Structure formats: C-alpha cells, structure tokens
C-alpha cells in the first residue's frame, strides 16, 4: 500500500517554496519522552532497534506528539559496524566502546563488507513498516560519516580531543585512506538499502568533524564524502549533511553534491548564506534554549525563522540533539509556533 504523505519537508529540501517552515528535531525520539523512558526500563537500545514493531513505535512517537514534518529512524550511528567486523557495545553512561580498535593497515584490511538485507534486516523491516503502514510524513534514513565512525574505531570509544584519530591520519595515510574507502563503501550500501526500503531522505551525521581544520578536511575526508553523496544521489532522494562544531567547514559541505546543509548554533543562517551557502539550509537552534522560559524561546525562534525564511529551502531544526531534561510539551508548543508564525510571515 502506498501512503499519501505531507511533502512540505521534502519540498524545502529541494529548495522549493512552502506554505510554512517544516520542522523536525534531532533526537526527537528518545530520552525526553516519558513513554520512551518506560520502554527503556524494559528494553536496551539493542533490543529496541532489533524489534521492528517497537522501533517503529519509538520512531513515530514524536510525529504524533509534536506534529513534526519528518520522522527520523530510531537507531544508533554504530548500528552497521558489526556487519563489517567491528566489535562494538553501547555502554550506559559511556557510549560506544570498541574492543578491537584500528591500529594498522592490516586491521583495516580485515574489515568486511555490509550486506544490509542479511546484516541489518531489522532496520530495513522497520523502515518498511513505517513507510507502508504508519507514517504520513517522510522518513529520514541516516548514517554516521566516515570520519566520525573512524574516530570511534580508532579511539575505541568517545574521546575529548581525538588525538589518536588525527595521529593515525597523519602518520598512516595509506591505512587512513583505505579505512575511508571501506567506510564510504559501507555508508553508500547502507544508505541505498534504507532508501530502497522506503526512506524519503537521508542525513549524514559527522559528530566529531569539528576537530579537523579546513586543509585536512579537504585532503583526508572530503574525497570520501564526495563519493558517498555522488553515488547516493543517483537514488533521487534529498540528502542532508550535518556536522557539529564545524562552522569553518560549511563551504566544504556546500561544494558536495548534496541538497541541504545542516547548521548548528555556532554560525547564524544569514552569515552562512553570506559566505555563499545557497543550497537549502537546516537548523540551527541551540537546544539549551529549550530549557528557558517560553517567552525567551519564542523570541529566539522568531529570530532564527526570520533569517531562514529569507529564501526558499529552509527547515527548522536544532543544532544538536534534544536534551533528556526538555519538557515534551515545549517541543509540541515549539512546532505549533514554528508552523503558525512562518505561515503568517510567508503569506505576506
């Protein structure tokens, strides 16, 4: 069965005019929701993501509660790594921990390839369930970017400064580029499978790329990103790039064959456009504002919307994920305000 969906988000991704500004929030499904916390009392992240019915419920929950214009698949960026031979465990209070960190070219050469239908069928089944039976808004598939995935694989877990990753990049360039190629292959195959299963857009998250300077990005990271976006582009769905703490890289992302440049709060939308970012833009509210009084939130959001609406192709989002402390009612009120305020302004 083919469902009719609200395409406002997709139109904005394509740079088309919309009647109002579409909105969704990174980590909209999860820790701030009482329903989710009850589920986590009984099930681990692994158990939720391996159960298509439960995972679909968690993914859809914020669509029902907040009236957002897109759903994003509930899963972890580390989900595909076991398929290529990475021993990863998500530890409470720590994050991803890898038992066999990459230390050499030989370690890279041991990595395998992903076959999504065999290796992550539960993810594809979740997408199919959501897009054929449950959602009336587009579903966003996603992947971690090669640099962020490589950082976990080299550091063995989260890091404050990623010294080991950058040292490996500088000291072992042959092994580094081999790792980038392996991860680019995995990301391409993984995203294409999500699109084939029903995802209507995809986003690549590069959580730690802000630690890299522009020159190093161009040499060590950008070639893999160019190949990913060029190959996935053939699937015909909008593609979004989002990095954290990387305002110095937005022009590098703009050069990639993608549709939407994601911004965090460190760079105002109008400044990004002044720098030459003319593709669709997504962002860029500091999630900390969600803990402020409503009057403060409203004025801040007006400012963001007024910048974003100056040209077609704008999607409201946060610059990072929703905090656990955020009141779900605030997110519901925020979506309503975004829709109503932007509709009034765009109708003028």
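For all residues, glycine too, the Cβ spot is worked out from N, Cα and C.
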27, 28, 29, 30, 31, 76, 152, 207, 320 bind substrate per Swiss-Prot; candidate in 46, 220 listed for that same site: 46
Site extent for substrate (largest Cα pair distance over 27, 28, 29, 30, 31, 46, 76, 152, 207, 320, Å): 24
Which listed residue (27, 31, 76) has most other Cβ within 10 Å, given these are binding-site residues: 27
Secondary-structure category, per DSSP, in which residue 76 (substrate binding site) falls: coil
